[in-house]
Amino acid sequence: MDYLDKLNLFRRRRNPPSDTTETSTTGGSVSSPTIVLSPASPSAGEISTTSSSGEPSGVGVPETKRKKKSKRKRTVSVVPISEVTEASLELWRTLPTKIRQDPSMVSFQQVELEHARLHGDDHEDSFPDIQPMDDDEDGEEEEDEDDEDNGNEFITINVTNEQGVNKELEHIKEKKEIPKPHVHHLAGHYIGNITPPKHEDIDTGQNHLDEDHPFRKYSKIICLFITWMVIIAFLVVKDEKLVHAKQLSIPAGKTRPYILPKLPLSSKVKFSFEGTFLGEQYTNITEHYLTIYLQSLTSTLEGNDSELLNSDSVHNISDPWHVPIVHPYLFDSAPIIKKQHSFDISDNNFERIHAQSSAVRMMVKSNIKASFPISVKYDQSPVNRDIGVIYAAFVLIFLYALIIWEVVHRTFAAVIASTLAISILAALDDRPTMEDIVGWIDVETILLLFSMMILVAILAETGIFDFLAVYIYKITNGKIWNLIHCLCICTTLISSFLDNVTTVLLMAPITIRLCEVMDMNPVPVLMAITVHANIGGTMTPVGDPPNIIITSNQYILKHGVTFLTFTAHMMVGVIIVVIATNIHLRLKYKNINNLRMHEPKELKELRRNIKVWERAAGKIPPYSKDANIVRETLMKKVRLLRHELKKKMTKGSVPEDLYRTTLEELQKEHPIKNKGLLIKSGVVCAFIISLFFLESIPELRRMSSGWAALLGVMLLLIISDKNDMDAVLSRIEWPTLLFFAAMFTLMEAVERMGLIDWIGHATESIIQSVSEDLRLAVAIIIILWISALTSAFVDSIPVTAMMVKIVVALSEKSTLGLPLQPLVWALAFGPCLGGNGTLVGASANVICAGIAEQHGYRFSFMDYFKLGFPIMLVSVIVTTGYLIMAHVVFAWH
C-alpha cells in the first residue's frame, strides 16, 4: 500500500459517510469533499469545505448558522488534496509559518495533518489544528456581502496552531473591536481620538517656499522691494490726470471749431462726448448726424513777430467720425449718452505739428436745423493700447506668479499687482485719480459679501449647520461617494437660485463638518462643491453675476430673453455638465484613499500581505510540476488579496457599527440650539431671496442684490437683539473682501490698458472671417471658448461686460445673419464655467479658499488648478456639443 492509499484509508476512517458525504440520487455513490477558500476570511486558519454537489458538510455548524451561510455565494477553489504530492508538500514546508497557516494552503495543511497522525509525528509548529470557528456578527455580514454572486455553499473552519492562536486572535480582536467614539463638536474636531491636523500637516501638494532657506527668503524680499521702488518712483514722478469738460453748442447747419488747449503728446487723441446721441444699433435708421474731425493750423510770420503777413494754413489730420443723434423734437426727453473715440494722427502730421508753429482744433458739424449742445473732454495723452496690452499681460503674469508659488498671501499679491498696474498707468501718462480708483471697486459685490458673511455667522449660532451635517450623514449611510454626490447636487440646486458666493458661504461649513466626521480631507470636497456652485449658477439669470449683466442688457431683453426662456435653455446644458463633472470626479478619485485624511489600517495590512505573498511566490522556481502547484496556490491568494484591495479602494464607507454609534452620538450632541433665532433667520432668508427674485423682473427692479442682503441683515440684527457687534464682525472674512477690492481695481486698470478691448476685437475679426454657413457654429465656439478661457484668468464680470457688447454688435450686423439667442447662451455658459479654471477665476473660489483656511485647511492655486482646470475643459467641451446640436443642427432658437 503506497502513501496515497494509506492517506485515503485514514480519511475514510476519520470521516464516515454519514457525516461528511452525501449520496447522489442517481447512483448512490459517495462524493469526496473538496477544499475551497472563503474570500471573506482574511485571518489565518479559516477554511471552507463543500461536497462536490455543493451542499455543506455540516460539521460543527449550528442549523441557524447553516441557513445564514446558505446565502454566501462566491468561493475561490484551490488545489484539491488529490493533487498534493510529496514533492510539493516538502516545498510547502519551506514557506514561512504565517503563509503555511493561511486558509489558501488548506490542502497542504490537511495532507500534512493526516500524514502526521498516520505516522504519529508531531508537527504542531508546521501545521495548525482544525477546530470550528465561531462567526461573529460582523464577519457574517461581511462574508454575505462578498459571497453573494457564487452558487457554492460552504462552512467555515478556523485552522490555527497553538502558537498562532493567541497571535491571530489578538490580531482579529484588534481589527474587530471598534472603540466607542468620543464625539467632540463637529467644527474643527474628528470622531475618535484624532485631533484635527494643522493645514501644514495635510499633504495637499502645495509647493511652499522654504522660508528658512536664506537664498529664497532674501531673494523674495529683494524682488518685492524692487517692485515697491518701481511703484513709488512712478507715483511720485507723475501727477494724477485731470480731464475737464467743455460745453459746446453746435449751430444749426454750421461747423463749430474748438481749438485744443494743448498739443497731443502722441499720435492718438482721445475725446469723450456726452449728449443726446443714439446707440450704434440705430445708426442705419436715422439721418441726423454729427461729423467730427481734427485740423491743424500753421501760421507763417515774416519780419516782426507781431505782424501777421500770411493767413493760416489748414490741413485735415484725421478721418471724420459720424455720430448718430436723436431728432430735434426729442432733445428735451432723450437720455444723455456718453461716447468715446480716439482719433489717429499719422506720424508725418504729428511730427509737422510739433515742428512748426501749429495748433490743433476739433471741427464739429451737424446736419440738423437746430442748435445741438454737447459736453467734450479732451485727453491729450491717452494710453497707447498697443503697448498697454503688453504691460497688462505682464501685470497678470506677475500676479499669478505670486499666487501660484505662494510668494505672499493672495490678498497681499492682489494689492501689490493692483498698485503696480496703477503705477504703470502713471508711467503711461494716464494716472487715475483716487475718485476713479474708488469708483472702480464694485461696491455692490462687496456689500453682498459683507452682508451674507454676517448672515452666515448668525446662522451658525443656531446650530443649523451641524444639524444639516448630521442629517446628510444619516441619509448617505456613511458612504463617501453618496455623501459627495449629495453635497454637489444640493450645491447646484441652491446656487441656481442664490448667488454662487452665497451658496458657498452656506455649504462650505457643512462640508467641512461632514468630512471631519468621516476622517476625509475636506479640501477635494470643498473644491468639488465650489465647481458645482459655479455650474449651478449658470442655470438662472440670478445665479451668477455674469448672468445678471447679460439679462440686464436692454437690447437682449427686447429680443425675447426672459427668465423662463433663459432657464429652459440653460437647464438642459447644466444637467449634462453636472453628469459629466461627477463622472470626471469618480475617475479622478477612483482610489478612494485620495479623499481620506489617513489610509485605513486594513488597507495598509492588505498591501503588506500582498507583498509578503508575492515575495514567497517569487522565491519558488517554476521548474517542475510540484513547484508550480505551490506557486499557483500562492498566486491565487495574491489575486484574491488584490481583488479585495481594489474593492476597498473604490468603495469607501464608514464601518457599520462605527457609523451607527457615531450617528447616535452626533444626533444627541448636535440638535438645533436656538430655535427662536433659527425661525427669525429663516424669515430673513426668505425676505432676501424674495428680493433677489424681484430684482430679476424688470418692472419691479428697484433694489440691487447688495442692498437686499444688507437690509435683510439689518432686519435680523434688529429682531435678534444682537448687541455684541465685535463678536459678529470678527467672523467676517476681511482678507477676502480686501482681495475683491484689489482685484476690481486691477481689472479696471487692465481694461484701461486695452487688454479687454484687444480680446473683443480679435474675437469679432475671427467670426467675420469665416463663410456664412459656418458663422453661427464658429460664433458659438469662439464666444464660448474665448469667454471661458479669459474668465479663468481674468475676473468674469469685466469679461462679460465686454463680451455683451460684442454679442450685441454681431447680432445687429445684418450682413452676418447671426441670431441673438444662441450667442447669449454661449456667453452665459462661458464666464460661469470658465470661472472653474483657476482659484481666482470666480468669486466663489476665493470665498471657499478663505473659509477652508479659517478652519485650518489650506489649498493653493495649483491644488485648485489641478482639479478645476480639467473640469472646466471637459465642461466647455460638453457645452460646445450641446449648443451645436441644439442651435446649429436642430435650430432650437
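Any Cβ shown, glycine's included, is placed from N, Cα and C.
Residues or ranges marked as compositional bias 'Low complexity' in TrEMBL: 17-34 (among others).
Taken from TrEMBL, the feature compositional bias 'Low complexity' covers 41-62 (among others).
According to TrEMBL, the feature compositional bias 'Basic residues' maps to 65-75.
Per TrEMBL, the feature compositional bias 'Acidic residues' maps to 132-151.
Taken from TrEMBL, the feature region 'Disordered' covers 1-77 (among others).
The annotation region 'Disordered' is assigned in TrEMBL to 119-152 (among others).
The annotation transmembrane segment is assigned in TrEMBL to 218-237 (among others).
Feature annotation from TrEMBL assigns transmembrane segment to 387-405 (among others). Sequence-distant contacts of the transmembrane segment (387-405) (same chain, at least 6 residues past either end, Cβ-Cβ under 8 Å): 207, 209, 413-414, 416-417, 420-421, 424, 428, 746, 749-750, 752-755, 758, 793-794, 838-840, 860-862, 865.
Look at TrEMBL and you will find 448-473 (among others) tagged as transmembrane segment. Within the chain, the transmembrane segment (448-473) has long-range Cβ neighbours (under 8 A, six or more residues past its boundaries) at 185-187, 483, 486-487, 490, 499, 501-502, 505-506, 509-510, 513-514, 517-518, 662-663, 666-667, 670-675, 677-678, 681, 684-685, 688, 705-706, 709-710, 712-713, 716-717, 720, 722, 728-729, 731-733, 736-737, 740, 843, 847.
The transmembrane segment annotation in TrEMBL covers 480-498 (among others).
Residues or ranges marked as transmembrane segment by TrEMBL: 563-587 (among others). Remote same-chain partners of the transmembrane segment (563-587), defined as residues 6 or more beyond its termini with a Cβ less than 8 Å from a stretch Cβ, comprise 481, 484-485, 488-489, 492, 496, 528, 531-532, 535-536, 538-541, 547, 551, 696-697, 821, 825, 828-829, 833, 870-871, 874-875, 878-879, 882-883, 886, 892.
Taken from TrEMBL, the feature transmembrane segment applies to 677-697 (among others).
Annotation source TrEMBL lists transmembrane segment at 703-720 (among others).
Cβ atoms under 8 Å from those of the transmembrane segment (732-750) belong to residues 392, 395-396, 399, 409-411, 414-415, 417-418, 421-422, 424-425, 432, 437, 440-442, 445-446, 449-450, 453-454, 457, 756, 794-795, 797-798, 840, 843, 846-847, 850-851, 854 of the same chain, restricted to positions at least 6 beyond its ends. If you look up TrEMBL, you'll see 732-750 (among others) marked as transmembrane segment.
Annotation source TrEMBL lists transmembrane segment at 774-794 (among others).
Marked as transmembrane segment by TrEMBL: 867-892 (among others).
Only residues 6 or more beyond the boundaries of the transmembrane segment (480-498), in the same chain, are considered here, and those with a CB under 8 A from a CB of the stretch are 472-473, 504, 506-507, 510-511, 514, 518, 520, 525, 528-529, 532-537, 539-540, 542-544, 574, 578, 581-582, 585-586, 592, 595, 651-653, 689, 692-693.
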